[in-house]
């Protein structure tokens with residue numbers, strides 16, 4: 001059986017909390033189990049009275065028992081030993097915190113003939129003589145938690161089993177219980193955005209809130225580049241769970257490594273935060289016009305003396321012609337310190353200026369060329385190169401000869417070949433060594449060196465050897481083929 005009870009100790013101001021019940025046989029008590037307060041500061045449970053009023057009336061009072069101070073260990077000598085329970089077993093401390101302590105025990109070996117009514121837990125402060133009961137009535141529990149204790153309290157505890165016949169001998173914990181603060185090692189949790197370099201611009205505020213853990217409250221200490229903070233520029237507020245560093249108007253001198261150290265009784269945790277305060281860079285120190293040719297101009301400049309406490313992203317180059325005076329950007333984020341501006345208009349005069357650029361933007365001013373770049377229109381004089389004409393004259397030669405061919409009567413057929421010659425050759429077609437020029441049955445074509453002879457509806461009579469001859473002033477060449485026109489079966 002499990003019970004949960006709450007009791008209050010008026011003598012010491014300690015509060016008893018929920019506890020587990022003892023797994024022992026339980027008998028129904030015959031009367032009230034509340035223990036009165038003894039003159040010596042101890043509490044004698046009422047269970048010492050006889051459960052039967054008639055039996056208690058027949059027993060004479062014991063003068064020694066009335067003279068001795070009452071307590072859980074004080075029993076009536078007239079009662080048989082079997083009626084009183086023995087001392088609880090295995091009294092031990094289960095847990096100790098900075099405001100509570102939990103003790104437990106086991107039921108006694110002998111419960112007594114009248115049955116167990118409960119347990120009474122008492123404590124005695126260090127240096128005191130009196131035992132103070134924690135619970136006013138016996139409770140059927142084998143574990144109790146004392147809460148609302150003060151740090152630094154030192155005391156002993158004991159517990160006694162109580163039956164209707166009285167309280168048995170107590171089990172005393174020899175160990176002195178000392179309530180001390182629970183120490184939790186300090187730990188710093190740096191926000192994600194502060195784990196890399198934290199960049200701010202000049203004039204902006206810096207507000208760093210760094211949470212930490214530790215019990216009791218640890219001591220937080222800030223340093224800047226290993227030195228103490230300037231209290232006139234930097235303010236720090238440390239709470240129970242975080243530390244806040246605040247700078248109202250950041251300057252470049254505030255850049256550096258800020259280290260937070262959290263210390264607690266010999267333990268410490270550290271976290272470093274890098275802050276970079278930047279501003280716009282200065283302009284390039286000088287610029288000059290190196291060369292102007294055709295529609296191009298070459299510029300060169302020197303880097304700025306002040307980069308704004310950060311690296312440059314590049315340079316922006318602009319141009320303006322003398323007529324309009326309007327500036328136009330021609331190059332952005334140019335990394336070299338020289339460039340060539342092209343596509344300038346002939347007849348115009350140009351000025352150039354260069355800005356520096358970093359994370360804050362372009363420099364407030366620019367470096368401007370002192371002289372103008374005049375794009376002059378120059379006279380163009382054609383100078384033709386001497387040309388040596390090549391002689392391509394060539395005697396005729398056939399690059400693709402005629403091929404023997406077989407044709408069917410009544411179906412037109414073609415004979416083709418290719419010739420190369422310069423000047424253009426004259427083409428003569430012959431059949432069986434006879435010139436066939438002008439014969440309407442044949443049609444001769446020549447285009448781009450390809451010579452073709454078309455024979456319209458040939459008959460077996462048109463079979464024979466055909467010759468293509470090419471002639472020019474440098475010579476002549478010819479090719480032959482045989483045409484066979486098959487007769488009808």
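Note: Cβ is positioned from N, Cα and C throughout, glycine not excepted.
Lifted from TrEMBL, the feature list:
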- 1-83: region 'Disordered' (REGION)
- 34-50: compositional bias 'Low complexity' (COMPBIAS)
- 64-78: compositional bias 'Low complexity' (COMPBIAS)
- 87-182: domain 'Fibronectin type-III' (DOMAIN)
- 186-274: domain 'Ig-like' (DOMAIN)
- 283-379: domain 'Fibronectin type-III' (DOMAIN)
- 396-480: domain 'Ig-like' (DOMAIN)
Using DSSP, what is the helix/strand/coil residue split across the domain 'Fibronectin type-III' (283-379)? 0 helix, 48 strand, 49 coil
Taking helix as H, G and I and strand as E and B in DSSP, count the residues of the domain 'Ig-like' (186-274) in helix, strand and coil. 6 helix, 52 strand, 31 coil
Restricting to the domain 'Ig-like' (396-480), what is the model's mean pLDDT? 92
